[in-house]
Structure formats: structure tokens, C-alpha cells
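Taken from TrEMBL, the feature domain 'Cathepsin propeptide inhibitor' covers 44-105. For 135-364, the entry in TrEMBL reads domain 'Peptidase C1A papain C-terminal'. Residues annotated as signal peptide in TrEMBL: 1-19.
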Amino acid sequence: MARALVFIAVTTFVVAVKAARPLEVANTVHTLAVEGASELEEKFQAWAEKHNVNFQSNDERSERLDVYKSNAELVARHNRAYLDGKTTWAMTLDGAYAATSSEEFEQTRLMTPQNCSATHVGTVPKTLPEDTLKLPDEVDWRTKGVVTPVKNQGSCGSCWTFSTTGTLEAHHCIKHKQDCTAWTGLAEQQLVDCAGAFDNHGCDGGLPSHAFEYIRWNGGLDTEESYTYTAKDGKCEFKGSSVGSHVTEVHNITAFDEDAIGVALAKSGPVAVAYQVASDFRLYSHGVYDSYDSKTGTTVCKSGPTDVNHAVVAVGYGTTDDDKKTPYFIVRNSWSKEWGMEGYFWIKRGENLCGIADCASFPDAASL
């Protein structure tokens, strides 16, 4: 399943990304501002070839091209604001969702908004100011070899299962001192199919805190290899003969206690978090996401505990090395390595942006 853990740093792709991106963004703004329809169509064709997009008809291609052009205008406007210092994150037309509308994106990638009731009164004591004084300035569990590869949830609102497995996988690997950088991990599909009695709803959404409770009650979670992901609701097929890990305790961080997430990241390991995704997030390229809307100049996402519609894995935190010194969480998404910074993004830390501190939890992994 996993090799003995060697504590060596993983490839620091973020550094390379940061060094190269300003020119890329400048070129994006420049070319989109001066190119006409024919140039954009050429870029659209190159995008389709890169992502192996096959159109069933000329009408479908025309519809996708119209969406691509609309997104191109959004990207150009937003990246001008980024270069002007009005926002801390950039957009791209190179990602998988460049020809996807906001409505389609919400229907196929996001779950129904969830109610974070488990964290209203959390099991983790509320953080005191002195609790954060001796924390390291930055944490990144990827450098410890305990974070498994980025996965892809597909067209199913099952992000909560990937948040659950990604967090449990890391805690399992920390506990057992295993290098898990190549491990395929645990079975999201088991959670989709079997965890409904714990107020989870398969492809329509759920919460990691509920999923951890299911795993504890069930006596474990199968491996990905033994219970393959299908990206659709199915019949529960858990047999118990291929359990990859299980949970002995669930720690729910009290809602809005963002400092406690930092403490947990520094002292325990990755944390499952949920937040509200605004539609522009699909075009994220790099930088610290602040939900800035270049059209209105305001923050567009909501931060209430009933607004969260996406769950992910916080694997660390840090602060930008520019003049702004913007604090951020390092977060693993489940939209493949082709999205964002090789499947990861940074989100602004310290103000419960988009409700990032509303639904945070992490498990204790059992000894097998």
C-alpha cells in the first residue's frame, strides 16, 4: 500500500509557478485585449485539442466557443485588476473549465449547500491567543510525503468524499510513518454509496465530519483499488476485507475558529474544510484567492455555515513573500492536477473568507 516514510521535500512546484506566472498573466491580458474573433477561435481550438474535447456537432462547437469568448472577457478584465494590485489571484483560459459556463459548473462540480451543524459546538477547545504564539510561520504537509496525489471527482457533487479521504489518508500516513506520495488511497465511492444514514447524499453532497463518523461506526474504509470510484450514486458494496484505514476519534473544530485550523495543521495534520465556491473560482490560475469580483470590486462569496457548497483538504498555511504579506491556507482540490496550481490553490486566511472556518474537522487514524 505505502512505502516506509522518508522525510524529504516534495518538488516545490509552487516556487516555479510563482516565478513564471506574472509574465503569463501579462500576456493573457495583452493578447485578449487586442485579438479579434479569429485569434480567439484559434486559441479555442488549441484549448480543445489540449484537453481532448470532442464536439458532437458544429452547433455544440459553436455553443462552446461562445462560452469560451464570454469567459475570455471575464479573464481579461479580472487579470487587469490583478496586475493593478486590486486582487491577489489570477485567472486562466488554459484550464479545463474555459468553455464551461457558471451554471454548468455549479450543476456538475458543486454540491448542494450543506448545514455545518457538527461544528456549531465543536469538540476541539476554542483557540486562545497564546495557542498561536509558538506556531511555525509556515506549514506544508506535502513536504513530509504524507499527502496522496490529487484526484478528480468528475461530474458528481462528491467533493466531500475526497475531502474526507484526503484528510484521513494523510493522518493514516502520519500515524504509520509511511510515504504516501504514490498511494492511490481510500475509497470515495464507498462514502458515496454507503454513508447516507449519516446525513450524506452521494453526488448531491455531504460533509467530512459526517463521513468520519460513518467510517468510525462502520469499522473502516476500503482502499481505492478495492472499491473503484465511478462518479455516480450506486449500491453499497462494502465487504470489509480490504479496509485501508479507519477512524477512532473525530475532532470538529468550533465554527469560525480559524486560528484552531492553524493549530491543527501545525500540530496534528491536514484538516478537512468546506466553503462556498463562487462561479469565478472555476477559472482560478494561481495566487491567494480573495473572491474579488472585477466587475463590482467586491467580495462575491458568502461565509455563512449554511452556504458551503464545496469540501477540500487544507494541507498547510503560509504568507506571501511580496509587500502585501497576505496570509493563506494551502488547499488540495479534487478537480485534477490540470486545475489551479497542479490541483492546489491558496485561499486568504484570517477572515473566514467564503466560510472556510465553518466546517473544519479531522480524524484520529486507527492502528491497523
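Yeah, the Cβs are placed from backbone N, Cα and C, and that goes for glycine too.
Small disclaimer: the values here were computed from a predicted structure and weren't measured.
Model confidence over the domain 'Peptidase C1A papain C-terminal' (135-364) stands at 96, taken as the mean pLDDT rounded to a whole number. Across the range of the domain 'Cathepsin propeptide inhibitor' (44-105), the DSSP-based residue counts are 37 helix, 3 strand, 22 coil.
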